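Written out below as structure tokens is the structure these notes cover.
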């Protein structure tokens, strides 16, 4: 049975360093959980690895806690994970141990990596008498409760109510800045979101924080206030960095807070491609003028400018800037390979990059700049989110895809995509109806009425077989649409720009995107 160690125990980084002062954390092979390797480790190293794993386990369980109205009055705890509700600590521990071993392993690795960084720099920091902003403000304690808002003046129902689509709100934000102790930030963010009854996803790394959370407007307002007053972020974040949209806690199945190597998964170490060397930021107004100039050119294929969509194909499929180059890639981690494979396309070009909220462009533009082939690289500050706030009827047509249960936000009436079955204009995604398939499909009401609710012929056939019972667990995704899609497409040197009002046609695509 996993340890029930409280996540608060051992969170003080100095305590960890004192206990593990002789551990060579640079040798990351030590964290391999294989039994054969464990047998080769000496007792001291086993003990140290065990401590890190217990901490990772406790932090993971902590992120699965869900607030209840009674939690304000008593110490009752509930946990929600994988769409299941757990009422006792034993059951949630058993579930995490059996179903989330990989996540615990990666969290353990992250803890050890962060300790390695701290250990390697602690002596130099001490000799230089450099100050850590967090330690300066918290000289006596790293207790996260010191940085939680006072909500005693609010009725608990005020934080919970108003979470519906009309009254609630979803925040989207990121902040690139060096963080010395991501694990502490993780524990603090978990406690903060639980206190405010927020759900969502928050990624934390040594390079910063990236979050999207939903709840009542009171809860999101308090969250922003806390973030703007926190010592590590107050000089890097402003209120305008938080993009807002209608929604609430219901937009996310649960709260997920974790520590990763990157705050957006590009697949390249931040040490190799840093956020500190991005493309030039353009305000929505400046970007609008650049796009207007680009579209006014008689022959855009011969232009020295490329309008580049940094998102995945299923995002640009339902909304995009007119004349953009929208890579047919499924994940942002494919973007570097896409650039490498199409490097000549960008040679001597001015590149205007954009994404949903701006975060992918930060390191994406840094990667493109590092190739040394572009004239200039620009990025849309605040992303499509901020552009549409200022120009709802501008050059962006269609819907804005979002990574939550809303799937898309609408700022204009344009429909730029079509039903995968009949070609009628349609842009409302639904999950493929086949069990265990996590792809999205565009199928209009008429086609849905005829039973066409899967992402491809293979999945449609699976649905008709209605596999259930023990066999369902081994009924793996085998989508034709994914199998036939090139992982990294090669563009023509004179790329075909994307239209904004495609005519319906019989040759509709049958491929639906994977929701990641």
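Backbone N, Cα and C define each Cβ position, glycine as well.
Taking Cβ-Cβ distances under 8 Å and a sequence separation of 6 or more, the neighbours of residue 269 (phosphoserine) in its chain are 261, 262. Marked as phosphoserine by Swiss-Prot: 269.
According to Swiss-Prot, the feature domain 'Rhodanese' maps to 301-396.
As annotated by Swiss-Prot, active site, cysteine persulfide intermediate applies to 355, with the evidence given as sequence analysis. The number of other CB atoms found within 10 A of the CB of residue 355 (active site, cysteine persulfide intermediate), across every protein chain shown, is 25. Following the DSSP three-state reduction, the secondary structure of residue 355 (active site, cysteine persulfide intermediate) is coil.
Residues or ranges marked as region 'Disordered' in Swiss-Prot: 490-516.
Residues or ranges marked as compositional bias 'Acidic residues' in Swiss-Prot: 506-516.
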DSSP three-state assignment for residue 269 (phosphoserine): coil
